[in-house]
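J.: Let me begin by handing over the structure; questions about it come next.
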There are 2 protein chains.
Amino acid sequence: MNQVLSADAAMARAIECARLGLGKTFPNPIVGAVITSATGEFISEGFHQGADHAEVVAINAAKNIPAGVIIYVTLEPCNHQGKTPPCTQAIIAAGIKKVVYAVGDPNPIAAGGGEYLRASGIDVEQGLLESEAAFDNRAWITKISKERPRITWKIASTMDGKVAAADGTSKWITSELARADVAVLRSQADAIVTSTATVKADNPLLTSKGAGKNPVRLVMGGSEIASSAQILNADAETIAIKSRDLQELITLAQARGFNQLLIESGPTLGTALLKAGLIDEVVLYQAPTFFGSGTPSISDLGVATISERLDFEIADVEVIGADLKITLIKSANQEEGGR
Amino acid sequence: MNQVLSADAAMARAIECARLGLGKTFPNPIVGAVITSATGEFISEGFHQGADHAEVVAINAAKNIPAGVIIYVTLEPCNHQGKTPPCTQAIIAAGIKKVVYAVGDPNPIAAGGGEYLRASGIDVEQGLLESEAAFDNRAWITKISKERPRITWKIASTMDGKVAAADGTSKWITSELARADVAVLRSQADAIVTSTATVKADNPLLTSKGAGKNPVRLVMGGSEIASSAQILNADAETIAIKSRDLQELITLAQARGFNQLLIESGPTLGTALLKAGLIDEVVLYQAPTFFGSGTPSISDLGVATISERLDFEIADVEVIGADLKITLIKSANQEEGGR
């Protein structure tokens, strides 16, 4: 007999499956699906990797689907013909009797799947582990709601907020394990954004070093990129945005359908985005060390007094090797003032 | 029947008891003791609060002590006549058959208790939960080994390492819960150290606000303290050290027998201590916010390049209210270079 899953466990597993798609699905959301028998016996699972939708992957993964099965999906099944036929049709054709989904589809083009399935006589439930599934899909949800990608700024600093010592040295502030974690973060982003100044100073590769797929590399700024720069190698696509205008970055990201941008540059670019209200999230790797002097992680934000500070909320804290990884999400207060 | 404790559980309880003495025992260590029957039934417990030693408190707390009991003590029972008679005598007089202690006494004057008890026919074991007990007693252990108190610097900063905004405002960077935790930290210190500049700028009270006993308040610096300053009120003793010479602080602390100093001041005093290798520990309260400009938490340390950085290790991380509390212990590397 197969493992028997509670509804919560089945959805939690679907959420875990979905997460494996991070960085592979843009312009689509991440989605995971688990099929169980009516009594909860595990049958199959799947996730969206950019081609077949999760529901179809899970249906195809099952050798045969007995009567009365339940499918758990992290997002409302789509009801429209896109690159693939509507998932609602595949669900009906497979003879699935019950659909449990976590998050309603906020995308007007694809929505209505739940209603359509219900009208077709299928038992439909919504909301199981909704906030957990929505949190993991926050890049795509940000894109739908703000019509621009979610923008995360990665910072590696000392505990006194310095990203380089007085002489400019910064290799390496954080430990090898923390840097390996950054590689995973890169693999989950659709594009990395850096500046011509950072390319010139550090000659970074900005790949995921085998931790997953490589993101597109976007380089902002007016300076030329040396033809010998590592960022121009064949590991991934690199696009030079020959401007400091943040709108050009947004326009390019919109055109490409990126869900998630990861900012990896000196303080200038990140500070400009933060000042413009465009930083949704900060992932701060902090090494337990102090420089005293050196380059501050953030340049002048125009914050003159404490009440003007830019508030975030701690979403997660993790000790990675010798360092801390702190995930900060823009707070509702700042969100109201931002765009 | 009373609760039956394993040896580990009994010692863990003794360690918890000991911790209740933090801030109350200087110049002595904190010590906790638990008495159980030979089969582990809980009989009594006690901790040192500055008068009777923990062993004696636990012995006196037992209505009657049956034959063959075991005492668990966090520190080796003392063997000398100090303010009170030797604990070894009290243990023998009580008819205790077995003594389990965590940490050997590093203080040559009081040591030898384990050996004396063994010679008196008592079963003696050492080392149970030794590192846990030693960690909690690190202030006193530092004082014995370095012949100066342990010095902890409390910092409340933003995630970009600022302790005040551009206009000097800093009330409040951290949340009320974090500030309540600082009050506990103060109650566990023997003395708080601040500067005349901080007294002038912030007019702090520096008491533990009812969280425990109030520490002695030490004010360093050449300026006069206004007679209206809150720090001169009757809540606790206040000593003006009319100098910026760190040696005067150390000499005073040695004379008073302080185990633990807590630094709460602007960046100047803390930076001077850090530069001198005198900061053993940093407790960093970080609010999830950014100022960009403003006052850095640490002034110039003379760190010119990354290899000269001052390394710590993360001993603990805790989310307190909206903020992070990070406990950093001076790393072995830095320790070698420091004094």
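Heads up, the Cβ atoms here are built off N, Cα and C, so glycines get one too.
Sharing the record's features from TrEMBL:
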type: DOMAIN; residues: B:5-124; note: domain 'CMP/dCMP-type deaminase'
type: BINDING; residues: B:H53, B:C78, B:C87; note: Zn(2+) binding site
type: ACT_SITE; residues: B:E55; note: active site, proton donor
type: BINDING; residues: B:A156, B:W172, B:T198, B:D202, B:G266, B:P267, B:T268, B:L269, B:G270, B:T271, B:A272; note: NADP(+) binding site
type: BINDING; residues: B:S170, B:R186, B:L206, B:E264; note: substrate binding site
J.: Across all chains shown, how many C-beta atoms besides its own are within 10 angstroms of the C-beta of B:G270 (NADP(+) binding site)?
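T.: Cβ-Cβ neighbours of B:G270 (NADP(+) binding site) within 10 Å number 25.
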J.: Please report the distance from the Cα of B:C87 (Zn(2+) binding site) to the Cα of B:E264 (substrate binding site), rounded to the nearest angstrom.
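T.: Rounded to a whole number, the Cα-Cα distance is 37 Å.
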J.: Just to confirm: which same-chain residues, 6+ apart in sequence, have a Cβ under 8 Å from the Cβ of B:G266 (NADP(+) binding site)?
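T.: Listed in sequence order: B:V163, B:S195, B:A197, B:T198, B:A201, B:T295.
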J.: Going by C-alpha distance, which of the binding-site residues B:H53, B:A156, B:G270, B:A272 is nearest to B:S170 (substrate binding site)?
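T.: That would be B:A156, the closest of B:H53, B:A156, B:G270, B:A272 to B:S170 (substrate binding site).
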J.: For the domain 'CMP/dCMP-type deaminase' (B:5-124), DSSP counts of helix, strand and coil?
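T.: When I sort the residues of the domain 'CMP/dCMP-type deaminase' (B:5-124) into the three classes, I find 35 helix, 26 strand, 59 coil.
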J.: Since the record lists B:E55, B:E264 as recorded positions, which of them has the fewest other Cβ atoms within 10 Å of its Cβ?
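T.: Across B:E55, B:E264, these recorded positions, the one with fewest Cβ atoms within 10 Å is B:E264.
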J.: Write out which of the listed binding-site residues, namely B:C78, B:S170, B:R186, B:T198, B:L206, B:A272, lie with a C-beta under 8 A from a C-beta of chain A, sequence order kept, or 'none'.
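T.: So the ones by chain A are B:S170.
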J.: Are there any residues at least 6 positions away along the chain from B:T268 (NADP(+) binding site) with a Cβ closer than 8 Å to its Cβ? List them or say none.
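T.: Listed in sequence order, they are B:S195, B:A197, B:S299.
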J.: Once the chains shown are all counted, how many other Cβ atoms turn up within 10 Å of the Cβ of B:C87 (Zn(2+) binding site)?
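T.: B:C87 (Zn(2+) binding site) is surrounded by 29 other Cβ atoms within 10 Å.
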J.: Across all chains shown, how many C-beta atoms besides its own are within 10 angstroms of the C-beta of B:C78 (Zn(2+) binding site)?
T.: 27
